[in-house]
Amino acid sequence: MAQAGRSGDAFASLDQRRERQEEQAQSGLDKVFYFQGVVELFNRMKIAYGRTPAWTALMKCNAIYLKDFKTAVGVEGTRYGLFFAEEVTKPTWSPDIGANLITLGEKACLDAQNAKYERLQASLKTTSGLVHQVMEKTREAKENLEKANKIQEQLDKVIESNKALHRKIQERNREKMQEYMVRLHNTQKDRDDWVQRCSRLEQENVTLQKRLKEKENALVSVGWDLLGWIVISVLVFGLISLADAQNLTPPAKIVITPGQAEFMDLAKLEKIQVRKYRLDSCELPPEKGCVLYKDYLTTRPVSFLELMAKCSKPDWVSESSYNETTLMEECIQIFGAEWCEGKLVDLVPRKCGEQHVLVNIIEQIEKTREVVTLIYGKVMSYRLDMWITSIFSLVLAGNKEKLFKMAPFIFVAWFLNIPVFLTCVAVNIFPVVSLPFILFQIFMPQFVLVNAFLLWLTLTLTAFYWSEGPKILMEISYALVYTIGFVLWSLGLAVGVTLKLTMVHQILMFCVVAAAICGTKFACTTITVQHPDGTTAKYTRVGKLKNNVVNQCKKVVTTLQTRGVIPATPAKTASIVIVEGKNGTGVGFRFMNYILTAEHVVQGSDIATLKNGSVSVKSKVIKTIPIFESVDNVAVLKLPPELNSVKPIKLAKKVQSDYLTLTAYDPNFQHAATFTGWCIIDGNWLNNSFDTKFGNSGAPYCDHDGRLVGIHLGTQGVLSQGIVIVDALKNTFQLADQCRPQNFDMDEFLEKVIAGTKVSHAAILKELEELREEVQFLKKKCVTYDDYWLCQTIFGQAKGKTKKTVRGRKHLVTKRALGKGHFMKMRMLTDEEYQNMIEKGFSAEEIREAVNALREQAWLNYCIDNDVDDEGEEDWYDDMVETDRVNQEIDEAIERAMEDRGEFYQKKSRLTFVEQAMMHLIQVSKERSQTAKLEVQKENEAQLVKMFERCVTDENTPEGTTSIAALSTEDDVRLVEGKVIDFTKAKNIPVDGEIRREIIPGTKCTEISTGPENKKNILKKKDTHIAEGKVETKSSQQPVDVKDDKPVALEQRKPRACKWCGSSQKHDYRECRFQREKRFCVYCAAMHSMFEGHIRPIECTSCKKSFSGIEKLEDHVVSGECQKKLIEGPVTTKAPTPVPDWLKIFAWEDDILPPEGKTALPENVTLIGHIPVDKLVSRTKKVQDPLLGLVTPWKQDMYDSTTWTVKAYTKMFEKFHYHDPVDFVEQYAEFVLLCDNMVLREHDYMANSNITPIMSTEKNVNSTPAYPKFQAYDSEAEYLEDCGWQEYLDVVSDPETINRRPLWWCFLKNEVLKREKIEDSDIRMILCTDPIFTRIGAMFEQDQNNRMKQQTEIRSAQVGWTPFFGGLDRRVRRLYGDGDRYFVEMDWTRYDGTIPKSLFWRIRQIRFFFLHDSHKTPKMRRLYNWYVKNLLEKIILLPTGEVCQVKKGNPSGQFSTTVDNNMINVWLTTFEVSYLFFKQRGRLPTEKELQENCSMICYGDDRLLSIRKGFVEYEPDTVIDMYKNIFGMWVKRNNIKIQDTPEGLSFCGLTIVKSSTGAYVGVPNVNKILSTLENPVRRLPDVESLWGKLVSLRILCENAPSNVKHFLDEQISNVEEFAARENIQLPEVGPDFYSRIW
């Protein structure tokens, strides 16, 4: 009953699926007889009549012929029905009168279609019966297996009881054995303890003896040190007692201000002096006046008036600024001698404040200095320095040996009155052998050279006789060093004696010389440590500490930078949907197979509406998940099948405060929107820092890995909050573990499974044998040998064993016709390729389109290679779906039967083509067919390659024999045809075990080698002898009869003629057939081919307008040009046309011819070759536009549209040879480093930029595709429409690409120029190359370019800026900074062409450095370097056909010309300012100084610079000379302007002026832009375009003089009047339109 129930459910689901298919737009199309245009006609009729009973009756027919929009004929059995719609709303169906309205040909086609449908139904019934039989057999086998399992369970119980008894016996014996072992172990342990205790006691005795000896030595050393310090202390305190402390304190100086002298007497004055000492301790608060304090820094003298002002209130006056004589003179000069007498008697002590604590400290320091000076004087007077030096030298000797050596030399130094310290230094430094020489030098200083020579001889001989081995060389080297040191010491000694250096000077001289000699070399010595494993490591003593400090600082900086930089986050817009409930609308997202949202969004609703794009479905609310501490919950909705394309979001691995992204919709729910910012996790609450909108409730918060963290609940006032749901979702959706006992033993469980498998193995094999017999029966039903081979392919190999891509592989060796459905379900991408496309940002729809395009291409290649007619393949999709549905269960049963078997079978994971290497050998002749297929693991790939080389010989196959040998590994793919194959060398490779051989009836001989983790190497071999009428297989037990007695042989490919045009030349066979095959035309109502053309003219039935083709008529109707519109049908997808070899990117290498002589190239440019091209060389005629007759020309004679001759091509090469640059990287290394840092700092927003997939890059598709593609296509859009993206993908993935060179196409720019430039043939050159090369550059740079466009308000580069709406004003005011600046305008001449190669390469490497680390793979690095190399070293094709090479400059037609020029401009400007700064100040400026004192804006080579006055003086002549001699770049003097204000300077063609409101606005070059009204560069299409051009000019000239605006207003008025007369509608422009834009 359960089986019947499941069958019923299956048929019920089948009926539901069939109903859904009938509701689809294409349902019923497979029944329609095909002719050209039938798809569009069918869709229009279905839309018009799809809901009428007549149309329903028509769709029930087996075959349908659509005669026209109102008439159709349907066949069901032998009845021919007629569908006729006299009115759109009332069509009729007549079931028996249709045969009278069709021709015999049409009737034959309908009969064929009807017969095909009936055959399909009969086949389905037959197949269904076979499916039912297989399922019944399978069910019986399962029942038998269950019975066997029950028996096995009973046996297991008996075995388990025996095992339990056996275990008890073993446990008892084990316990006794363990008891004996414990006793033995305890005994051994006690013995070991006694041995260890004895050894420890011995070691302690030795250690105590060593310590005792060390203490004795330490006491002796301490005694000597104590004696020395006692002597020093006695001397120091004795000398201090000699000092007179009273003389060190100067007497206080106290003055009384005027007005208080009469109240003071001498007694009081003495009291004040006493108070002065108290004043120093801040105890006496004076009432009024000044206190004179002693200072130690000279200050400005105080004037009399300043003194009176200070002393009118409590204040302090420094002693150095108080000069009584000067003050008295000033007073007498101002007030007279009489008044001034007695005014400056003395100062009264006043207030002592906290600010004068420093004064007390300075006084204490001064007193200390005086004490020290006095002590030092006493020391020198009594020659105590000699005593102190001697005592210190003896105390610091360190050991007795040095003490006894120095004592006599100190006595000698005292006796001869020579420096004691220098003598002690010599005794300590030089070896013992040199002591006699030192003594001799003291007594006889005039023989220094002889003495040094004798010392050197003595030390060298001593080293030779006293040392051994390599130490001799070291000692000899030391001898030389000691000798040099001895000479220096002798000179120092002579200087000391002559100059009578004091002790302090001797010590200072020695320390300075020692530090200069040693430096920091020994402190920073690198130590090499060799580890036991053979590795070495180097450590630096000081460097290690330095590195630790640097690393800690870097960590702090990185943390601060990370906190302020928003990381890149994957877009999750494909994972959200709109959720509509009864009370509101919110956002939902997919998690697993559910849609989650906030509960309040669907509150009160059991059913919610989910929307995603154009899909809108209903879904049921399954449950809610409560969230701790939250008033809201998470609602869980069922995922409808229609939303399976919505991508699920994975849970976050770690939840912490970080930058999170909220993915939601805009307020109108039209487009997805993302909000990124810093979010704080507070328990379960999530607080964000960005503004959200109403309707964002339920949106997911994702981390920078795109994983789910929380859900948005809403906005509470100014605070937007969400809730963390990671733990809640883990607890809710976590799968429950299977319950098992605590003492569960997995090994024991596996043993039971193995035992059960052995018991039931025979029964399973019996069932398998029965299934094999049924398979053999199905094989015998095959009516042709081709069907047999197809059946052999299906049943002989389980699906999924190997996964290959169709691109570039050879098809099966037999000549059998495959259907289109076979190709449309093939795997076109490996897992690796598919994952790479996902990581590069391709959506599911884009990947699906790319795969379908590859499938279409594979099908077309198959049809052309095998001369297969693809007629009738329009219904491939329905046939494929129906076949898959019928054969699904048969495939599953056959796969189970054909799996590898063993005693214990564990199904292994299927290995894909990427994961498992494979060798496939096929050799077929008329009498014999041999195949061998070997699949091995990755670790056996090398053995497989060697076996392949042994099997494939160098001998060619004889006539009538064909062979193919294929090898596929992870890194190599080989295909060899036409060579004799030695099948005896094809043997299996053992993994880690024996090779098991099996004979599977009806298939092949199979050898299996199984290793650990069920890894297997499988060899399948087959040897078939072909006789008349039979196929005999050696390894098969039963012969298989085949009705088709054709021999199986592979025909060698040979030239064939096209059956449509008769040509044997290679061409587009599909297009040829499409043009010449006759089809029924719905417009002509007759059979004809596209080559013959339509019989009657094609015209619109509404406006009677004629067209040359049906496509143009359809475009006319759909575009709405006429009032009557047809219903637009679906856009038909066209399979891409294979790209001919002569149009591919590197095809120019085959087209180039030897040089034929120069036509346009100058002498200094080398001619490489010649390629004939049919392009315009000279332009002598100007464009004539009749529409410009409506306007009056602007009067000017300066500008004109360009014309040129061949001379212009010669002239344009001058910019590449203006002047050669120097090696500025080596000569100006510090400047280069500074410039690099400034460029990195200026463009740091480009960091961690991403690579854009080549199919997602954006560029102008209407531009020329360059050579060789412009030979067939005028634009890239046309090329993509025909050929698709395949060549783009092949070039990027092909490793040989970096070994090829693209070709640049050169042409002159048609623009408005000065007439003298036109007369001088000075026309700008444009370079462009193949769009594939351009898009490779866009892969690396599109993200960076877009980021630069977003930074124009705060950065220098102005790509994407606008001068309107105050844009120019804001940028000019940014240049002002904090004022006090001057402005510099500079424009290079031929900027692009003169950029040094090394500078351009440097900027390009900086751009690669800004890429995210995940993109900096070796492959991407090689591809990027190849791209940059071809930007620098360009191979150029001229319209004259000449091919040359240029190795300088930035090509103007590359993807990032302006962005690169901006970065180079920043680099050069930094160098320019630093060069002037260095010249004027003798040092380089710092980065901070440059940022604070210089600002700039630039667009390509256009630059406006502001410099703070006093920072650097701008010297134009120096700048011009610098650019020429260092970089080889051209700057003219008249292109440099320096002003204090920006008014009058220009930027991007706009002269800066101030408007009446005080804002900075721009005025264009009026004569240049208005000259196009007389001499245009291209014609305008219509009057509307002319009006738009005039309005645009009027916007630009809003700030120009009034006569210019008046002129343009008149021209606009004239055009508007003309348009009104001709009934042409033009937009209205308001009165303040132009001014508001600025």
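Each Cβ is built from the backbone N, Cα and C atoms, and glycine gets one as well.
Annotation comment: Swiss-Prot describes 130-222, 758-788 as coiled coil, evidence class sequence analysis. Under the heading transmembrane segment, Swiss-Prot lists 220-240, 379-398, 407-427, 437-457, 479-499, 507-527, citing sequence analysis as support. Per Swiss-Prot, active site, charge relay system is recorded for H600, D632, S697, and the stated evidence type is similarity to another entry. Residues or ranges marked as O-(5'-phospho-RNA)-tyrosine in Swiss-Prot (evidence: similarity to another entry): Y834. According to Swiss-Prot, the feature domain 'RdRp catalytic' maps to 1381-1515.
Taking Cα separation as the measure, D632 (active site, charge relay system) is nearest to H600 of the recorded positions H600, S697, Y834. Beyond the ends of the transmembrane segment (437-457), by six or more residues, the same chain brings 409, 412-413, 416, 418, 423, 426-427, 430, 479-480, 482-483, 486-487, 490-491, 493-494, 497 to within a C-beta distance below 8 angstroms of the stretch. Across the structure, S697 (active site, charge relay system) and H600 (active site, charge relay system) place their CA atoms 8 angstrom apart. Under DSSP, D632 (active site, charge relay system) is assigned to coil, being neither helix nor strand in the three-state scheme. With helix defined as DSSP H, G or I and strand as E or B, the domain 'RdRp catalytic' (1381-1515) counts 67 helix, 31 strand, 37 coil.
Cβ neighbour count for H600 (active site, charge relay system): 19 (other Cβ atoms within 10 Å of its Cβ, all protein chains included). Between H600 (active site, charge relay system) and Y834 (O-(5'-phospho-RNA)-tyrosine), the C-alpha separation comes to 39 Å. Most other Cβ atoms within 10 A: among the recorded positions D632, S697, Y834, that distinction falls to S697. In three-state terms derived from DSSP, Y834 (O-(5'-phospho-RNA)-tyrosine) belongs to a helical segment.
When secondary structure is read from DSSP and collapsed to three states, H600 (active site, charge relay system) falls in the helix class.
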